Amino acid sequence: MAQILLHGTLHATIYEVDELHGGGGGNFFSKLKQNIEETVGIGKGVTKLYATIDLEKARVGRTRIIENETTNPKWNESFHIYCGHLASNIIFTVKDDNPIGATLIGRAYVPVSEVLDGHEIDKWVEILDTEKNPIEGGSKIHVRLQYFDVLKDRNWARGIRSPKYPGVPYTFFSQRQGCKVFLYQDAHVPDNFVPKIPLAGGKNYEAHRCWEDIFDAITNAKHLIYITGWSVYTEISLIRDSRRPKAGGDQTIGELLKKKASEGVRVLMLVWDDRTSVGLLKKDGLMATHDEETEQFFRDTDVHCVLCPRNPDDGGSIVQDLQISTMFTHHQKIVVVDSALPGGGGSDKRRIVSFVGGLDLCDGRYDTAFHSLFRTLDTAHHDDFHQPNFPGAAITKGGPREPWHDIHSRVEGPIAWDVLFNFEQRWRKQGGKDILAPLRELEDVIIPPSPVTFPDDHETWNVQLFRSIDGGAAFGFPDTPEDAAKAGLVSGKDNIIDRSIQDAYIHAIRRAKNFIYIENQYFLGSSFSWNNDDIKREEIGALHLIPKELSLKIVSKIEAGERFAVYVVVPMWPEGIPESSSVQAILDWQKRTIEMMYKDVVQALRAKGSDEDPRNYLTFFCLGNREVKKSGEYEPAEQPEPDSDYQRAQEARRFMIYVHTKMMIVDDEYIIIGSANINQRSMDGARDSEIAMGGYQPYHLANTQPARGQVYGFRMSLWYEHLGMLHDTFQRPESEECINKVNQIADKYWDLYSSESLERDLPGHLLRYPIGVASEGEVTELPGFEFFPDTKARILGAKADYLPPILTT
């Protein structure tokens, strides 16, 4: 049967199965139980029935488990499924769960052609065995389906049409109005980084300084300081710019937090407990998180620091539980404090302020837009030398260090309370003692959630909080699928999941009308659509929709004869030894993802009779730096190993700038910033825990003319950082002139970066991602570049036969 593209939203309900052991099949379950008892040795067998929904081989929904109901299991569960899949059938599978794996009972097939017209269908569908024959007793499953094509969505490709746009639907947190947002590029912005970027209303864009603001927020807190992190390192200092000193700025963050706790401030920290059983990755040079040191530092002090493992929700199998607790992390990076009212005028009243983004408060994160490799080794980075990509790298052997590019945000107003509530949910689940600040008792002091801007303030923001998290990490999630759905949560096989970050990305991409700009540490997913010549797609499981949504958006614009551009910035390779099998495996997934997208774009261009370069619509970059030697530079006492990547990079005076960002800008009007990568770990909801904000300024929308608010100013400031220049064409990123200009500059910078010799510093950091695109969209090596410069690491990656995909996707 021909496969048809389902691109839109599928509403599905699974009601029940009738008479599972009818027609003489009564011994079916007893045989099943006996078999399980023999293989697993668990005593008397118990049936644990659940049903799943697949679009071909892509799992898009699953019910809870119903125990000991062998004849007529009733789930009555509804699903809201975003889809971008080629499929001939919507497949309902009934299974009996085992401690290890599950036993197939049968599958029911609904042809995609039946739902295409958008009418609701409600029917009993025959359950078939693996040979497509009816199972014993002729059992049927009762389902309801209704498909809403993306073209019928009134927001499709129309941007945010009105200041009253209500935000992403079906989410745990609703959108908040009357908020303030500060956007941060890198941990610090020095005074000499001042691009002139005019905004609406005659203002110029002003940069903010993340770690200075976090230092001030912690220093001035009086009642509470809540921190979550993948890593928090007590030995780092937040203030390092000698031209911008602050009182107390020489303290480490550990000493600062101890001091605040001793003053009576409630300081609570949830730091990921790195269960070192992830040895597979550890030896490949992934950075230690200092979790044990951090806990030790605060032991027997007034700071409550809890090491927080990524515990599974209650409903998984033995294998799933093992995977979650040993392979996945707590990845949210937030700081929540109480703060003085703006322009407080001597008032004792306090409000809540929160920070959300990609920056952990740990070593290797402090950097500026200049991302120097060698010139800060005797100043800001002498005691914070971070280079996990070379074995044995150390300050004593010299640079290049690994520069760090990241993005963060500060949110004020009602949205800041949502971040606080997220912390409280997590603390109640895994924090141990109930020592959260008693907000009810403090209501005379801390004002309740309320707008911090007037409705007519042109700088106001509407902001929504999104997460990837499940009931294993957040307290108070509903128990039943019905209540979960009402709360904007997804129910799975006995776990309740908040997957709203993925939903937010999907909605923003579907709304986009002109361009999308992405910076992310990873870029892989939509594995259901990868080329499957040498892999079994269904075994990969990187099913999130983001890459496919991007390519389908471009395709729709090509078909409509309209311009659209997608710019993606990723690191050269994921942090770690680049030749290692884990890094090579991730690069292989990334290549397959990019290739899938380019094939979609090329196919659409060819269908229009165009042989245009697909890079005019979709283009990938990385960041790097290269510096000539200057007199007075730090001189290391030792040398790197001869003929090592380290030694070659030191001689060539170049290295990648690590892109750790997790950000997307749409049409210069909407921005998502958070901790979530574009991979399955971050977008799944039941893997790594994540948090993000999505927001826009209702007075700065891209309706009749291009948006010129803070989001535009921030993007232009980022482009100034990466390109070393501003140009008029950058104001219209969707235009062919702009994407050609950016591609040309990035191609030139790559040539300078990768050349044998260097006459002067690299004029900018944005480099072409070193891959080619062949005539049918296949991703190929750039001529002469099988390996990243100074390494023996293949740019296109390599399949890892012994690493399970769940670890690297």
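Cβ from N, Cα, C; glycine included.
Note that the coordinates shown come from a computational prediction; the quantities given were computed from them, not determined experimentally.
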Ask   = Can you pick which of Glu721, Glu734, Glu736 Swiss-Prot lists for the same Ca(2+) site as Asp186, His371, His405?
value = Glu721
For the 1,2-diacyl-sn-glycero-3-phosphate site built from His331, Gln521, His660, further residues of that chain with CB within 8 A of the site's CB center = Trp230, Gly358, Tyr522, Thr661, Lys662, Ser675, Asn677
Request  = Report, as numbers and ranges, every residue of the chain located at least six residues beyond the domain 'PLD phosphodiesterase 1' (326-365) whose Cβ falls under 8 Å of a Cβ in that stretch; write 'none' if there are none.
outcome  = 184, 187, 210-211, 213-214, 217-218, 220-233, 235-236, 238, 253, 270-272, 274-275, 277-278, 287, 289-290, 308, 310, 384, 386, 388, 402, 404, 406-412, 415-417, 419-420, 422-423, 426, 442, 445-447, 449, 452, 465, 467, 469, 473, 521, 660-663, 673-676, 681-682, 687-693, 806-807
Message = Is it possible to get the count of other C-beta atoms within 10 angstroms of the C-beta of His331 (active site)?
response = 27
Inquiry  = Given a 10 Å Cβ-Cβ cut-off, pick out the one of the recorded positions Asp186, Asp338, Asp667, Glu721 that has the most other Cβ atoms nearby.
reply    = Asp186
Remark   = Going by C-beta under 8 A and a gap of 6 or more residues, the same-chain neighbours of Gln521 (1,2-diacyl-sn-glycero-3-phosphate binding site) are Gly358, Val570, Pro571, Pro574, Tyr658, Val659, His660, Thr661, Lys662, Asn677
Query = Whose Cβ lies within 8 Å of the mean position of the Cβ atoms of Asp186, His371, His405, Glu721, the Ca(2+) site, other than those residues?
reply = Gln185, Asp367, Thr368, Ala369, Phe370, Pro403, Trp404, Asp406, Leu623, Ile657, His722, His765
Request  = Tell me, roughly as an integer, the mean pLDDT over the domain 'PLD phosphodiesterase 1' (326-365).
outcome  = 91
